[in-house]
């Protein structure tokens, strides 16, 4: 199981240079989850005209959209305090990042993301080759 961050969705839907790598990682994952607020964040970032493509991508990898509960909210708050912008951490997580971090840490699953922000946290990292 992996937790999907919006950065991977954006890379795939915008057909960035490494899009095929991320698409393959999603196809190979035995189970994909995404926090409900992360799915909303991804929709906002890719734009309304790409909502259908977003839905197709989530369906293709059988992504389970997970409701964001009280445990997730506490984990996201703690993540922002420790790793958020203004905390002094090199991670400099934004609000959306904290949603993905929370689902990954509460579920104990590795996080699939693009970039290096989460490497400065204590989250378990899912590499594209996993």
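Numbers run from 1 along the shown chain.
Backbone N, Cα and C atoms are what each Cβ position is placed from, and that goes for glycine too.
What TrEMBL says about this protein:
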- 5, 97: Mg(2+) binding site (BINDING)
- 2-122: domain 'PIN' (DOMAIN)
>> Under DSSP, is residue 97 (Mg(2+) binding site) part of a helix or a strand, or is it coil?
In response: helix
> Once the chains shown are all counted, how many other Cβ atoms turn up within 10 Å of the Cβ of residue 97 (Mg(2+) binding site)?
Replying inline: 29
> Averaged over the whole of the domain 'PIN' (2-122), what is the pLDDT?
Replying inline: 98
>> Excluding near sequence neighbours, so keeping only residues 6 or more apart in the same chain, what lies with its CB under 8 A of residue 5 (Mg(2+) binding site)?
In response: 38, 97, 100, 111, 112, 113, 114, 118
>> When secondary structure is assigned with DSSP, how many helix, strand and coil residues does the domain 'PIN' (2-122) contain?
In response: 73 helix, 14 strand, 34 coil
